[in-house]
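S.K.: My structure is below; once you've seen it, I'll send some questions.
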Amino acid sequence: MKFKQDFFTQLPEFYSQVYPQGITKPEWLAWSDDAAQLIGLSQPTDELLLGLSGNTAVDGATYYAQVYSGHQFGGYTPRLGDGRSIILGEAIGPNGVWDVALKGGGPTPYSRRGDGRAVMRSAVREFLVSEALHHLHVPTTRALAVIGSDLPVWRESQETAAITVRLARSHIRFGHFEFFCHSERGRADKLIQLLNFTITQHYPHLSCDAAGYKAWFLQVVQDTAKMIAHWQAVGFAHGVMNTDNMSILGDSFDFGPFAFLDTFQEDFICNHSDPEGRYAFGQQPGVGLWNLQRLAQALTPVIPSDDLIAILNQYQEALVQPYLRLMRAKLGLSAVDVPSVEQDKQDLDLIGRFTVLMEKNQLDYTQTWRQLGKLDPTSKHSALRDDFIDVSQFDTWYQAYQLRLGAVADIPAWQTERNSVNPKYILRNYLAQEAIIAVEEGNLAPLHLLQKILTQPFAEHADHEDLAKRPPDWGQGLIMSCSS
């Protein structure tokens, strides 16, 4: 790997230098060839294993943990920071630059009495969801590898430590800006320094002046809205949408007790630590706006409040348009050449009525969409009909759907197109859990198979139909904790 160290050299007050503590008996548990290509790597090697497990130095790496703050479950925490993630620097790849971080690399000045470690189960889950989201075309950070060990760590019980090697276009979060506005009061100079760095590194087409700052914030609003639109379309619940877990670039970031929907449930909660459902699936669009409002508050020393409010008022449209584009594709509806408020309203109503029917009839979200690939949209009798208990309500919806759909000249091509946008496979929590149990027993094959399937989620994989099934009774509605 070839590194540059722009964050390290230009923002010395934004981090603490800290070196990883190696894990014992490191081994490759998983590796992403796809992610490796981003930073110019090919195959995992013994030398790389020692470096990324923290046992030897990686040439060109500087090692540091960033400081930031954030709103967690609605309350402001003035000092957070990378408690168990150590960044090596910015790796220069053939087509871009990626931060390389060791998540679980050991304690840092921001560990808050924690051990700085990640357990194997959380490392495997982060790796798998990074692969899954990327191949579902959802903006996300990536994971290069999972490195296991025999190092014992204690959570609710004794587990083993592991490291996720994360790749991110940037590790700058909403919380970085909050820290230098609220926690370090009177440091508007640092806020401006961070803002200028972010624009120069990631938005080079913008200027570092008043006009550029406003254009940048609008881009952040649009990118955040687009990310959440993707989440809602694929049925992904993040689970911990604190502002310190929000990437400034609109990439899905910091995965903990996430889940993909099994049975469609608007108020689905995937986080055991969120009993009131602040971060429930259906709340995510609203939380996205709330988090952007917190970012806007932090930017008031730099951008006038009236301008910030005007930009925030564009969030809803920035969310709805990509959501409509994604959902129209899932349904096979023709794109709208000329934007129409009335057509958008009608399509949102059609989509909403369909998901309400899914919830009322307790249907699997992913499987129901996939069934469209078997549908003859010109037939009066839908193959979907038998899945619904209330067939009269379905018939009413289906008639409206056919009317909006219009004529379909090539039915096989239409069906193929539906299968290209409606995945057959998602990372169901029970599948991740089965892979984790197998790893604990020394069997990596289920993990590697699941990774392979998740990199081709739209393919049939006829030999692995079992991985597309609804969860068994024990796997229904698995809720994870933040313990990792």
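Cβ coordinates come from backbone N, Cα and C, glycine included.
Quantities reported herein were computed from a predicted structural model and do not represent experimental measurements.
Quick paste of what Swiss-Prot says about this protein:
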| type | residues | note |
| --- | --- | --- |
| ACT_SITE | ASP244 | active site, proton acceptor |
| BINDING | GLY81, GLY83, ARG84, LYS103, ASP115, GLY116, ARG166, ARG173, ASP254 | ATP binding site |
| BINDING | ASN245, ASP254 | Mg(2+) binding site |
S.K.: Mind checking which of ASP115, ASP244, ASP254 has the fewest other CB atoms within 10 A of its CB? They're the recorded positions.
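M.R.: Across ASP115, ASP244, ASP254, these recorded positions, the one with fewest Cβ atoms within 10 Å is ASP115.
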S.K.: To the nearest whole angstrom, what is the C-alpha distance linking ARG166 (ATP binding site) and ASP244 (active site, proton acceptor)?
M.R.: 17
S.K.: Looking at the binding-site residues ARG84, ARG166, which sits with the largest number of other Cβ atoms within 10 Å of its Cβ?
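M.R.: Neighbour-count leader: ARG166.
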S.K.: Would you mind reading off the Cα separation of ASN245 (Mg(2+) binding site) from ASP254 (ATP binding site), to the nearest angstrom?
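M.R.: Just about 6 Å between their Cα atoms.
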S.K.: Would you mind listing, in sequence order, the residues at least six apart from GLY81 (ATP binding site) in the same chain with a Cβ closer than 8 Å to its Cβ?
M.R.: SER16, ALA65, GLN66, VAL67, TYR68, THR108, PRO109, TYR110
S.K.: Any idea of the Cα spread of the ATP site, GLY81, GLY83, ARG84, LYS103, ASP115, GLY116, ARG166, ARG173, ASP254, as a max distance in Å?
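M.R.: 23 Å is the greatest Cα spacing among the residues binding ATP.
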S.K.: When DSSP states are folded down to helix, strand and coil, where does ARG166 (ATP binding site) land?
M.R.: strand
S.K.: Within 10 Å of ASP244 (active site, proton acceptor), Cα to Cα, which of the binding-site residues ARG84, ASP115, ASP254 are there?
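M.R.: Close binding-site residues: ASP254.
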S.K.: Can you check what DSSP calls ASN245 (Mg(2+) binding site), collapsed to helix, strand or coil?
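M.R.: Helix, per DSSP.
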